[in-house]
Amino acid sequence: MERTSRTGALVTALTCCALLVAACGADETPQETAVGEDVDNPGEAADEAADPDPEDAVDADDAEVTVEHVQGETTVETEPEVVVTFDVGTLDTLDAMGVPVAGVPEVANVPAHLEEYAGGETSIVGSLFEPDPEEVNALDPDLIIVGGRSSEAFGELSELAPTVDLTVDNTDFLNSFGEQLGVLGEIFDREEWVEERLAVLDERVGEVSALADDAGDGLIVMTSGGEVTAYGPGSRFGLIHKDLGVAPAVEDVEEATHGDAVSFEFILEAEPDHLFVLDRDAAIGETGEAAEAVLDNELVAQTPAWENGDVHYLDEVVWYLVPTGLRSVETMVDEIDAALR
Amino acid sequence: MPGARARAASRTRGVRRWHLVAGALVLAAAAGASLFVGVTDLGPRDLVVGDDREAMVFLASRVPRLVAILLAGASMSVAGLIMQHLARNRFVAPSTAGTVESAMLGVVVATLLFTGASLVVKMAIAVAFALAGTAIFLALLRRITFRDVILVPLVGLMFGGVIRALTTFVAYRVDLLQTLSSWTTGDFSGVLRGRYELLWLAAVVAVIAYTYADRFTMAGMGRDLSVSLGLAYERTVNVGLAIVATVTGVTVVVVGAVPFLGLIVPNLVTMALGDNLRRALPLTALSGAAFVLACDVIGRTIRFPYEMPVGTVVGVVGSAIFLLLITRGRHRAR
């Protein structure tokens, strides 16, 4: 009798554990995916540098520069020839600079102007989160760039070649972005070019902020799988509030950098004059319900933004996947400019 | 002697009625109160003197959400109770027998094959998968000679794990991982008028279950005994399967998976009322609805004005209750 009951207890405890594991599993999946957001972007291929810039090749005289970046200081050969970047934003910037890139990660959705890097010319050196050391090594790079989603690979990659982390700080987006651009300017000896582009950008930002002063407030939301999350000034889309000066319709969303799940009542009560919408399902190539369909309901219809036709669907690839490239930032500023006019 | 039995029976009936009435009253009160929990500031007075907007919020958001919660909670608990009879095991529920996982696989497949398919098509496919998955589980059970109380749900969990892995793999390959997460965590935040009505189907199915209650009770006594008592065993099991699969498929498509629900609510109720299904079903439905309602209200208020998915809250509260159940059960055994 005693024995049976003890076995019974043991067995019960075991099931209990198993059930807990099952339940936890169910709960954790979304969180894991939330942290690893956008991991799952199998993409396209590529290989050699598309248009080698003769100037860069000639000038390979082993001059070095020590640059400061997010994870310390790194000494890099100036105008490195073989460049691998795990940061798609940087790829965008390098492409704008005319610097050839030898290796990029596998990404599903790239902006149209970067498609050549996904089409077979450039080497694929792993995914955003998992670099493939062998592929990287095979290229024998002079410089590796990480940033954002790939910044955790810094340690592993810096053993292979000089590596810099150009992660942009979302809480101070434009300044941080300018600094990272400055680092690229130093390494590739394009300081003037960088300064010019930044000056132009600055001017545009000023123009948009002036518009924002009279445009009312705004709320940034993202839709995914039929559900809605709200983003504030401290978030990855904080540029809209902090740099471009659109007043946040809800002050305290600030706290959450990863977005807060909200109900449609929340949107109704926020009464935003502008609704900035990002369709994540579209951004990562999923076939979810379109943002338009999710937001098209009685509650959202009552907001000033909906009534005045001020619901702005942001370019999901630029805002969600490649927000830190030079041309991306320029596009983002243009989009908000158009939205506020 | 017969007198004593009759008295005992009438006492049980009295207990059952008392439970039901009390439960219904508590639930009604809680449901009424929950209608006034939300981001929009809305009190009972506003419904009388309020403007169009307040009425709209009430009818388009509050009432649908409450109805969805009650329907999902009640029908999932009923499905769990039926499942426990069919498998003759207290630890078998849609979430521990691969049913929920199969339904999710169905949704992924539906999304894949019919891009932009309507909710009804997705649901039909989810139900079909849930049906197939549960049938496979029951077939597996029949092959197991050592049908230990614990072994059965463990087999179910492993089976569910395999299907979940398959689902995740498919979703990963086709970039659906993110969307998958919105089905794996039950969430009522998107429920609005016009977006939850399919849940009524689950409720209808749960009501049908009531008409089959006695047959399920009999089936729960085992195949041999029930056949010798004249029960069409196979057909009863199939009806039960269909009910469980439909309820699970519909709920997964509309709100997502709610863990523990089909497991703890039926157990709590049968602990109090015994294994007669006809007796236990109404209270199971009531308690399930009340449990989900409580968890959703917690989810709505804990980080106000933001939302915590009901699946997460149920996971936390449910596992605590489950542990309590198990430890208390052990004490009683000694």
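From the backbone N, Cα and C atoms, a Cβ is placed for every residue, glycine too.
The transmembrane segment annotation in TrEMBL covers B:20-39 (among others).
Summarising the annotation, TrEMBL assigns transmembrane segment to B:66-87 (among others).
What TrEMBL lists as transmembrane segment is B:99-117 (among others).
Taken from TrEMBL, the feature transmembrane segment covers B:123-141 (among others).
Under 8 Å from some Cβ of the transmembrane segment (B:150-174) lie the Cβ atoms of residues 87, 89, 91-92, 95-102, 104-105, 108-109, 112, 133, 136-137, 140-141, 144, 180, all in the same chain and six or more residues away from its ends. Here TrEMBL flags B:150-174 (among others) as transmembrane segment.
The annotation transmembrane segment is assigned in TrEMBL to B:194-213 (among others).
Here TrEMBL flags B:250-269 (among others) as transmembrane segment.
The transmembrane segment annotation in TrEMBL covers B:308-326 (among others).
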Problem set entry | Surrounding residues of the transmembrane segment (B:308-326) on its own chain - C-beta under 8 Å, 6+ positions past either end | 69, 184-189, 255-261, 263-264, 267-268, 271, 291-292, 294-296, 298-300, 302
Exercise. Under an 8 Å Cβ to Cβ limit, what residues of the same chain, 6 or more beyond the ends of the transmembrane segment (B:66-87), are close to it?
Worked result: 31, 34-35, 93-94, 97, 99, 134, 137-138, 141, 152, 156, 186, 188, 191, 196, 199-200, 202-203, 205-206, 209, 216-217, 219-220, 237, 240-241, 243-244, 247-248, 250-251, 254-255, 258, 261-263, 265-267, 269-270, 275, 277, 280-281, 284-293, 296, 310
Problem set entry | Non-local residues, at least 6 beyond the ends, that sit with Cβ under 8 Å of the transmembrane segment (B:194-213) | 64-65, 67-68, 71-72, 74-76, 78-79, 82, 119-120, 123, 236, 239-240, 243, 246-247, 250-251, 253-255, 277-278, 281-282, 285
Problem set entry | Sequence-remote partners of the transmembrane segment (B:250-269) [C-beta within less than 8 Å, at least six residues beyond its ends] | 68, 72-73, 75-77, 79-81, 83-84, 90-91, 93-96, 100, 103-104, 107, 119, 122-123, 126-127, 130, 182-188, 191, 195-196, 198-199, 201-202, 205, 280, 283-284, 287-288, 291-292, 309-311, 314-315, 318-319, 321-322, 325
For this session: Report, as numbers and ranges, every residue of the chain located at least six residues beyond the transmembrane segment (B:123-141) whose Cβ falls under 8 Å of a Cβ in that stretch; write 'none' if there are none.
Result: 83, 86-87, 94, 97-107, 109-110, 113, 147, 152, 155-156, 159, 163, 198, 237, 241-242, 244-246, 248-250, 252-254
